[in-house]
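Quick look at what TrEMBL annotates:
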TRANSMEM  12-37  transmembrane segment
TRANSMEM  49-69  transmembrane segment
TRANSMEM  75-94  transmembrane segment
TRANSMEM  155-173  transmembrane segment
TRANSMEM  193-213  transmembrane segment
TRANSMEM  234-253  transmembrane segment
DOMAIN    354-485  domain 'RGS'
Amino acid sequence: MTNVKPSTFTMAIRITSIVFLALFPLFQVACYANLLWNRNRLEKRIKSAIYVASLAGWLAYFNLIVSNLGGVPCGIFYATSLLVAPLSAGPQIIRALTLRGMNKYYHLVAKEEISSRISRSKAPSESFETGVPLASGKAEATLIMERTKGIVKTTIFALLVTPILLIIFAITVTSDVRKLLETDFIQCLPEPISFQYANPALGITSTVLALGVPYIVRRIDDELHLATEIRRNSIFLGCTHISIVVMRVLGVYDEWQPLMQTIQQMCLSTSTAIIPFLPSSPTFDRISSWAMQRGKRIKPEIKGTIPGYGRPLPKRDSTAGNVIERRMTRRLSAVNIMIEREAVVSWDAGLCVLLSSEDGINMFIQHCSKEFSSENILFWCAVNDYKEKYDKEKEILNDIDEESVLRSKTNSNLEDVDIEAIARQIYLMFIDTYSASQVNLSSKQKGDIKRALDAGQLKRETFDAAQKEIFSVMSRDSYPRFLSSKKKMNR
């Protein structure tokens, strides 16, 4: 009778393991398919970290196969068991450090741009100075980004080297080398003494690091909810690592180890690859559906009046700007008023109205900085500034003779507007491959702009195709989330 319970217990573990042997691959394929389906929403996520975390899941699954079928040396089983914990917690640490650096970078960039726009609106005489906003104000933000990259590289090196050294040390000090070469899984348990100490030590370290991640991202408020996802993953990993260590101390972990690690990794995949892409609130879904339906009926001539489709940015004192500014002072936001009165016929037109005033632009810049995509709105503004300066230069050349131009420059009444320098600065800041604020454009659009710059054949329409593309991205991605965030704020 004393052998009945252990036999039943072992059989239950074996049956459960067989179920997860069949379930895990199907589940992981579903997660990868979901990531592929939502690949456009992965732009600001560290995809490599997500896939490294999934590698930990496959290692746990490999151990589950070994525990049921055998045929693999016990030493490999011990090594892969050690790697699961750091490969699970490590990517969350990397994502948290990167997110913290990105948050500081985009916050400083947005703050500098808004300050620059406010100062230029108060001093119109300085509004046509040569250069693009942020050209001089990005130094601190760039320094923070470089520092973050250095910290991330050091952390990656430590996370890779530490477990490898620990595995080498555990194998070296193992007295029974023959046990490491055994291929019968029954002979693998219990683990050698060196691995019995190394495994919980690495598990406890991973637990501490995982539970420390929420502290790193504690003050980050992003519209993409990346900080929430990282906190959820890290707290879950920390709690499961604690349960694994407790089971090991109680002496019931050896038989459960592969199954426990596999279940842990499946839950982590759910948190990383499924939960972030679940549908949003029903209210916003109805707004999105309504806007899409109205967008199908938008008249072609309306698009011609949308900033980014050819219309220059209205002045601060324009009628549209004053209407938006007056609405901003009311209890409900201007965005909600436009939705309720059906003033927005599509996301394009709604974004058009929002960007018709300085206050609207500044609000949208602040929102985009929380999405880590402020480069889009900054590029859109820079192109509008380029067009205004281009028009000013043409106006000077057409309405004033050469002698008057020279005399006005001498008297410093007009500044020399170097269109080529401004266009090149836009290219280096937003289009060049090595730019920290690169916008997402096709290679054809980048090539067309580069050829126009190199040939010195700049036109007012040089950046039009790129600006239209970026405007479309903002109206499709950032603007709906802007509407959603404003509705939440006014509840």
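For all residues, glycine too, the Cβ spot is worked out from N, Cα and C.
A Cβ distance under 8 Å defines the sequence-distant neighbours of the transmembrane segment (49-69), meaning residues of its chain 6+ beyond its ends; these are 14, 17-18, 20-21, 24-25, 28, 31-32, 35, 42, 76-77, 80-81, 83-84, 87-88, 90-92, 94-95, 185, 257-259, 261-262, 264-266, 268-269, 272-273. The average pLDDT for the domain 'RGS' (354-485) in the predicted structure is 81. Within its own chain, the transmembrane segment (193-213) is flanked in space by residues 78, 81-82, 85-86, 88-90, 92-93, 96, 162-163, 166-167, 169-171, 173-175, 230-231, 234-235, 237-238, 241-242, 244-245, 248-249, which lie at least six positions past its ends and keep a Cβ under 8 Å from the stretch.
Using DSSP to sort the residues of the domain 'RGS' (354-485) gives these counts of helix, strand and coil: 97 helix, 0 strand, 35 coil. Nonlocal intrachain contacts for the transmembrane segment (75-94), taken as residues 6+ away from its ends with a CB within less than 8 angstroms of a stretch CB, comprise 46, 49-50, 52-53, 55-56, 59-60, 62-63, 66-67, 152, 155-156, 159, 162-163, 166-167, 170-171, 180-181, 185, 188, 191-192, 195, 198-199, 202-203, 205-207, 209-210, 213, 216, 230, 233-234, 237, 241, 257-258, 261, 264-265, 268.
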